[in-house]
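Undergrad: Questions regarding the structure given below will be posed in turn.
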C-alpha cells in the first residue's frame, strides 16, 4: 500500500509538471513550435473566444459536470481522511492540515456547483473542445487529491471498503474540534487569503452572469464592470490564483505537490487570460485600455 501511495504522488507531480511546461512552451513564440501553440489553444479555448467549426466540441454548459465530479470526489477524500484522523486518537498535524485543505476545497467546488446552475446562463452556441472537457474532469480528480496525496493509502483503504467510517460519539466530536483548534497560525492565515479570493470570485461570477440580463440575445456580449473588473480583464482568474495561493499558505508551503498544482493554475489562467484580453480588444473598440490582463497594475 505504501508503494501505491508513492506511485500516486509521483503520477500527480509528473502530471502537473507536464501540463505546466506544455503551457509555458505555448506562451512563448519559440521557433518551430507554432503548431503546438495553435493545437493547445484549440483545446483550452471555450465559450466566446472559441472560434471553431470542429465537431469535436461539447456545450460549455457541461462545465456543470466538472463540479459534480469535484464535489463527489472531494467529499470522498474528506470523509476518508476525517475518519482516519478520528480513528488515530492522536493529534497528527499533517493529517489535520490535509483535512482542513479538503474542507476549503469542498467550499470552493460546492460554490462552483451552485454557480453552474443558478449564476451562469451559457449561450447555446458556447462550446468547448472535447479534449478540454476531458482534461477538466481529470483536473477535478487530481486537484483535490493533490491536497492530500501523502495520505493516498488511507484514502484507498477507505474507498475499497477495508476501513469503514468511525461511529459518531462524544470522543469523535471532540477530535473533530481538536482538528481545527490546534491548527497552526499559517493555516488560518491561508484560510483568510482563500476566502478573500473566494468572495471576489463569487462577485465577479455574479457580474458575468448578470451580463445576460443586459442583452436581448444570448449571443451578444457587453463589457463587464465592477469589483476587480475595474483593474483586470479576467478578475475571476485572478481570484482563482488567490484562492490556490491561500491553499498553499494554509498547508505551510511544505507540500511540493501543492506547489506544482499552484504553478499549473497560474500558468493555465495567465494563458487563458491573455486570450480573453485579446478577444475583448478585438470585440470592443471602447474597451478600457488601462485594464491589465490578470495581475492588477502589473500585467
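Heads up, residue numbers simply count up from 1 along the chain you see.
Backbone N, Cα and C define each Cβ position, glycine as well.
All TrEMBL annotations are machine predictions without curation.
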Undergrad: Between 237-255, 256-274, I'd like to know which one TrEMBL lists as transmembrane segment.
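TA: Residues 256-274 are the ones TrEMBL records as transmembrane segment.
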Undergrad: For the domain '3-oxo-5-alpha-steroid 4-dehydrogenase C-terminal' (188-299), what are the DSSP-based totals of helix, strand and coil residues?
TA: 76 helix, 2 strand, 34 coil
Undergrad: For the transmembrane segment (256-274), I need the partner stretch with the highest count of C-beta pairs below 8 angstroms, choosing only from 15-41, 62-83, 130-153.
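TA: Highest pair count goes to 15-41.
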Undergrad: Mind checking which residues reach the transmembrane segment (15-41)? Cβ under 8 Å, same chain, six or more beyond either end.
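TA: Tertiary neighbours of the transmembrane segment (15-41) are 142, 146, 257, 260-261, 263-264, 267-268, 270-271, 274-275.
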